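Visitor: This is the structure I want to talk about, given as structure tokens.
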Amino acid sequence: MYASREDIGYGFGDDSKGGSRPIKPNPNVDGGWAWMIVLSSFLVHILIMGSQMALGILNVEWLEEFNQSRGLTAWVSSLSMGITLIVGPFIGLFISTCGCRRTAVIGGVLNALGWILSAHASGVRYLFLTFGVTAGVGSGMVYLPAVVMVGQYFQKRRALAQGLSTTGTGFGAFLMTALLKYLCTEFGWRNAMFIQGAVSLNLCVCGALMRPLSPGDVAGEKHVVRSNSEDNRAKALSPSTETIKSNGVLSEGLEKKEQAANEEVLDSVQHAETGGTSGSGRSMDGLRILKTVSQLAVTVRKGFAVWYSSYFGAASLFTNRVFVAFVIWALFAYSSFVIPFIHLPEIVKQYKLSSQNDVFPLTSIIAIVHIFGKVILGIISDLPCISTWNVFLMANFTLVTCILTLPLMQTYVSLAVACALIGFSSGYFSLMPVVTEDLVGTKHLANAYGIIICANGISALLGPPFAGWIYDITQKYDFSFYICGLLYAVGITFLLIQPCIQKKQPREKSTEEAQV
């Protein structure tokens, strides 16, 4: 039901060559070192997303320490989570320039620095800068490369690999909650944050494991054989293929000319360096510095050109209507997922289910089933006869239905069933990178997924305050579920409408050509 990157035209002319040349498979694609990448991404999700899910422990300590309002204090954790996702498009620039490995290592240092500086906080507003911004940006610099690298190393089992790596969020929520609770009890919250900063330096190790593949070995860039039905569905969604491809080829030609000019400069520097052995050592050092600076300038300029063309160039990602619909959907999706976590305690209290909820909390049901949902949906999506897009849509339909009907449940068993369905269907989060890669290709995955998680970050940042605002006006939690659920349904509708429009346009064009 959706187009792959070959059909939409983000291959930049790679597929225009006649026939597919036999490519020697890299043993690290779909195997070998690829599983180390999954392990690295799994640990990143534990250390970043798991830690952010456990911030409730620190939030209580901050309330007691600084005596500020709950609303103001809550902005610390909201900023950290929101900025982690919102900076996605800018992290795409770092990845295009420096690569995933260097970006992740720098992000690990920045994240650890944010935790350590927060241990010396003198107020909540100090935490806005050190923890919300510094640690948040560092988290974003590690999180996006962790997702992109899994997409580069896997082709046949992408959904399963993404599902396994993202289960680290669920495991991290349990592990980091227990760790922070123990550290705060034994050493106080300040020392706990300092220790957590030291633990976060392991993100640099995870980043070091992200060994880059050569361009010819990237999984998404290989020729993939697909069924005729999938090809027909994909071609129906790409009315502007030739235009985008031609733009891509044009920009690539200009880039090659620019690269040739830069190489001439580097060659001249190298020639002067080798030919001037009789000169002084100081001049040789100057030439080496000049050569290094020139190479760095070429790398930065090339990375910026790729990043700029993805967002603002003639072959911009936003020329893909299905991708734009996907971004609109992402603006509403994440806020609907967090609503149950906000209002479930009030539902339990209203229906006097606290004794049963204390034995097995409903939020724990969501978290546990969410782990299994990611893996199972990944396995199903990788089956040859199953469309990832259809699985993604069905999971969204199930989630929005549960959110709209949850306020109607009045018993613990019915609430537990609804929460289990919410946890399982929300496992579609592991399919988001897979769907994004199929829409734009591996080459543009970093920039495209950066936009998607940016939209999710806006939703995560504004969703909880919006739900609280609705509750303050209506004094009923029901309306928070209904309004957010309806907004979520609007986002899903965009996903359904755009493919229909894209299918209709080629038929109209062919009819006009037939008349001519």
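Each residue, glycine too, has its Cβ placed from N, Cα and C.
Values in this document were obtained by computation on a predicted structure and should not be read as measured data.
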Visitor: Do you know which of 75-96, 185-206 TrEMBL annotates as transmembrane segment?
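Guide: That would be 75-96, the stretch labelled transmembrane segment in TrEMBL.
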Visitor: Average the pLDDT scores across the domain 'Major facilitator superfamily (MFS) profile' (37-503) and report the rounded value.
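Guide: On average, pLDDT over the domain 'Major facilitator superfamily (MFS) profile' (37-503) sits at 78.
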Visitor: Who are the long-range neighbours of the transmembrane segment (448-467) in its own chain, taking Cβ under 8 Å and residues 6 or more past its ends?
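Guide: Distant Cβ neighbours of the transmembrane segment (448-467) are 74, 78-79, 81-92, 143-144, 147-148, 310-311, 317, 323, 326-328, 330-336, 338-339, 342-343, 432-433, 436-437, 439-440, 480, 484.
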Visitor: For the transmembrane segment (127-148), could you work out the same-chain residues 6 or more beyond its ends whose Cβ comes under 8 Å from its Cβ atoms?
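Guide: Non-local partners: 40-41, 44-45, 48-49, 52, 62, 75-76, 78-88, 91-92, 94-95, 100-101, 103-104, 106-115, 117-118, 121, 162, 165, 203, 206-207, 210, 433, 445-446, 449-450, 453.
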Visitor: Determine which recorded stretch among 33-55, 160-180, 359-377, 389-409, 415-436 has the most C-beta pairs below 8 angstroms with the transmembrane segment (479-497).
Guide: 389-409
Visitor: Looking at 322-344, 359-377, 389-409, 415-436, which one has the highest count of Cβ pairs under 8 angstroms to the transmembrane segment (160-180)?
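Guide: Highest pair count goes to 359-377.
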